[in-house]
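Everything below concerns the one structure shown next.
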Amino acid sequence: MKILVDENMPYVEPLFGDLGDIIPVNGRTLTAEQVREADVLLVRSVTKVNAELLSGNNKLKFVGSATIGTDHVDLAYLAERNIPFSNAPGCNATAVGEFAFIAMLELAQRFNSPLKGKVVGIVGAGNTGTATAKCLQAYGIKVLLNDPIKAAEGDPRSFVSLDTIMAQADIISLHVPITHTGEHKTKHLFDEARLKALKPNTWLVNCCRGDVIDNQALIKVKQQRDDLKLVLDVWEGEPTPLPELVPLAEFATPHIAGYSLEGKARGTFMLYQNLCQLLNITADKSLLDLLPTFNIKAVELATAPNEKALLQLARFVYDLRDDDKMFRNTFLNENGFDTMRKNHQHRREFSALALAYDGQSEVDWLSNLGFSGVGQ
């Protein structure tokens, strides 16, 4: 069995090595000719899976995407061809949630404006939006959720309108899929008019899709309003973001919010489980066995951490400033965006760091935030 796999997908060899011959490929430049003889195709979001790519292949048994979203996959075409498909919903939700939370802590420190006491509006309450809310609520932050689709489906959580978030939130964090049509289309959801309407000193965080914000309009509005603070992990026109926009963001990264070791492993592992199920064989590998030991054994806390100390704990796990600096230095290079993604040293999630503290009940919130070793 020939397993064609994106070269940037981790842990493929230990998980799929027993199932067939693994052929690594560049996901962004993948051609129909390369796919022609594949039995299994494993991709990430940089690969467009459609008739153009697959029409020459009559052997394909399974397509898997190690991603939350599926907007890069023509699902109708796969269904028409009866080709089983699986993605990995929620695989990197924890990573994205922690990234957004860390970015907010970093902004709070940079501008001497504590996160505690602010109101955060989350637009899109799926896996990543929910994970972001979980971090914020663990820390005691008031969260407003906006998701008209979830609300219509009967989700029991309390939802508010986007206008309410615009009026009440100090921070807005975007977590919607990209949709181009329909009542709730998200392309340019934040257009020039909405960007201009942001209340003074709003922090705007985008970890979903670049097209959700009109990037040209964002440049125009930000140049007029220095009070707005931007955290941008995604960009219109990836992998070539508008060069004028990058310097206007407080933190800028190349679509890596979901790039935790745990998240990447989880994505590949979910595809492994689904392929095994399809082939009717036992999935006998373990996710935990894939992950290396974290380089910091444990941190002993003398007192329950304040916000400054919490940021320091977060930096033990992931220092966002490093990726921000590297991105600014390399994004204008040829293939700079993709090269940084490809060579990214995947960070760990909070769960990799064990904390020790005598007054356990005082730090239950750290456990709820995801850290190990403390709390109930």
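Cβ coordinates come from backbone N, Cα and C, glycine included.
Residues or ranges marked as substrate binding site by Swiss-Prot: Ser45, Thr67, Tyr259. In three-state terms derived from DSSP, Ser45 (substrate binding site) belongs to neither a helical nor a strand segment and is classed as coil. The number of other Cβ atoms within 10 Å of the Cβ belonging to Ser45 (substrate binding site), over all protein chains shown, comes to 22.
Long-range Cβ neighbours of Gly258 (NAD(+) binding site) (same chain, at least 6 residues apart, Cβ-Cβ under 8 Å): Ile68, Cys91, Asn92, Ala93, Ala95, Val96, Phe99, Thr128, Cys207. Annotation comment: Swiss-Prot describes Asp147, Asp233, Gly258 as NAD(+) binding site.
Secondary structure at Arg209 (active site), taken from DSSP and collapsed to helix, strand or coil, is coil. The active site feature in Swiss-Prot is assigned to Arg209 (among others); the stated evidence is sequence analysis.
Cβ-based neighbour count (10 Å, all protein chains) for Glu238 (active site) stands at 17. Positions annotated as active site by Swiss-Prot: Glu238 (among others).
Its Cβ taken as reference, His255 (active site, proton donor) is surrounded by 22 other Cβ atoms within 10 Å in the chains shown. As annotated by Swiss-Prot, active site, proton donor applies to His255, with the evidence given as sequence analysis.
Most other Cβ atoms within 10 A: among the binding-site residues Asp147, Asp233, that distinction falls to Asp233. Separating the Cα atoms of Asp233 (NAD(+) binding site) and Ser45 (substrate binding site) is a whole-number distance of 15 Å. DSSP classifies Tyr259 (substrate binding site) as coil under the three-state reduction. Proximity to His255 (active site, proton donor), judged by a C-alpha distance within 10 Å, picks out Arg209 from the recorded positions Thr67, Asp147, Arg209. Sitting within 8 Å of the Cβ centre of Ser45, Thr67, Tyr259, and not among those site residues for substrate, are the Cβ atoms of Arg44, Ala66, Ile68, Asn92, His255, Gly258, Gly267. For the pair Glu238 (active site) and Ser45 (substrate binding site), the C-alpha distance works out to 11 angstrom.
Cα-Cα distance from Ser45 (substrate binding site) to Asp147 (NAD(+) binding site): 23 Å (rounded to the nearest whole number).
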